[in-house]
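As recorded in TrEMBL:
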ACT_SITE  15  active site
ACT_SITE  142  active site
BINDING   100, 101, 102, 103, 104, 105, 106, 107, 108, 109, 110  ATP binding site
DOMAIN    72-150  domain 'GHMP kinase N-terminal'
DOMAIN    214-286  domain 'GHMP kinase C-terminal'
Ligand code: ATP
């Protein structure tokens with residue numbers, strides 16, 4: 001018999017939504033989505049070590065913004081897996097946090113997927129992949145994609161995934177804002193703005209993926225992808241945080257092919273031609289004073305991976 005490892009570490013990527021088409025509010029409060037996810041190379045690492053009682057620690061520049069109590073998605077993930085296997089969640093989880101917190105890049109979801117995989121390996125519970133995906137969906141709409149990574153279309157509230165082919169790498173710069181935006185607040189603002197424009201729930205079409213965007217992804221064609229980027233939550237995020245309009249302008253002035261708010265924001269994502277353009281755009285964005293940091297990253301990135 002092999003001894004279980006003393007510590008298991010899993011690396012998990014952030015995501016950007018290259019298309020986020022949002023339907024009207026459903027009776028359960030969620031919205032139907034056509035959500036095209038792309039995993040990008042900004043990572044959190046989640047380590048799981050045996051411990052006499054559950055414990056969570058977080059490191060990284062934004063560690064103070066991460067809740068350490070039972071509301072932490074990584075803690076909830078460990079508990080859910082332990083319950084499923086009828087055991088105690090006696091584990092020390094450590095999150096090395098590099099994904100912006102409340103930034104619209106699914107950082108909490110990444111930690112949940114990382115904790116599930118790390119604990120499953122540490123405890124030797126050998127949960128089948130399909131069951132891990134179902135546990136992910138219980139934890140949150142974006143968690144299944146954090147596990148799988150790459151590129152995928154998410155239907156339903158984003159949790160029903162179909163993997164998508166990508167024909168190459170796409171270069172991005174992420175302009176990270178000071179402070180976060182609450183995802184539920186942004187959806188509420190989206191509904192409010194639509195009502196105010198006379199587009200109530202019945203007037204919002206079924207969200208559908210854009211064929212031109214899927215073709216651009218498949219071809220690895222950055223210019224074509226830039227022309228079809230779309231985020232229905234962007235007007236709501238800009239309404240709640242008007243300074244994002246300046247960040248978006250600064251990214252275009254810095255030579256980006258296109259820019260959009262990442263998910264519910266406030267991080268802004270800029271698609272650029274290549275690595276050199278990414279480095280130049282990141283510098284120009286920082287110099288513009290319209291963001292806290294600017295981070296180049298490449299997608300697609302692999303999903304949750306044991307390291
Ligand atoms: P999404 O893109 O999935 O909407 P997000 O990237 O905007 O999410 P997160 O970083 O996941 O936002 O954090 C949203 C909130 O979730 C935080 O403000 C925090 O209170 C809570 N949270 C719970 N667990 C975590 C975690 N492990 N890391 C960060 N935030 C967490």
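Placed from the backbone N, Cα and C atoms, the Cβ positions cover glycine too.
Note: TrEMBL annotation is automatic and uncurated.
For ligand 1, no neighbouring recorded positions occur among 15, 100, 110, by Cβ distance under 6 Å. Of all the binding-site residues listed here (102, 110), it is 102 whose C-beta has the fewest other C-beta atoms within 10 angstroms. Around the Cβ of residue 100 (ATP binding site), a 10 Å sphere holds 24 further Cβ atoms from the protein chains shown. Within 10 Å of the Cβ of residue 106 (ATP binding site) there are 31 other Cβ atoms, across all protein chains. Here residue 142 (active site) is compared against the binding-site residues 100, 104, 106, 108, and the shortest C-alpha distance is to 106. Residue 15 (active site) has none of the binding-site residues 100, 102, 108 nearby, counting only those with a Cα within 10 angstroms of its own Cα. Its Cβ placed at the centre, residue 108 (ATP binding site) has 25 other Cβ atoms within 10 Å. In the three-state DSSP assignment, the secondary structure recorded for residue 102 (ATP binding site) is coil.
Annotation note: residue 15 (active site) sits in a strand segment as assigned by DSSP.
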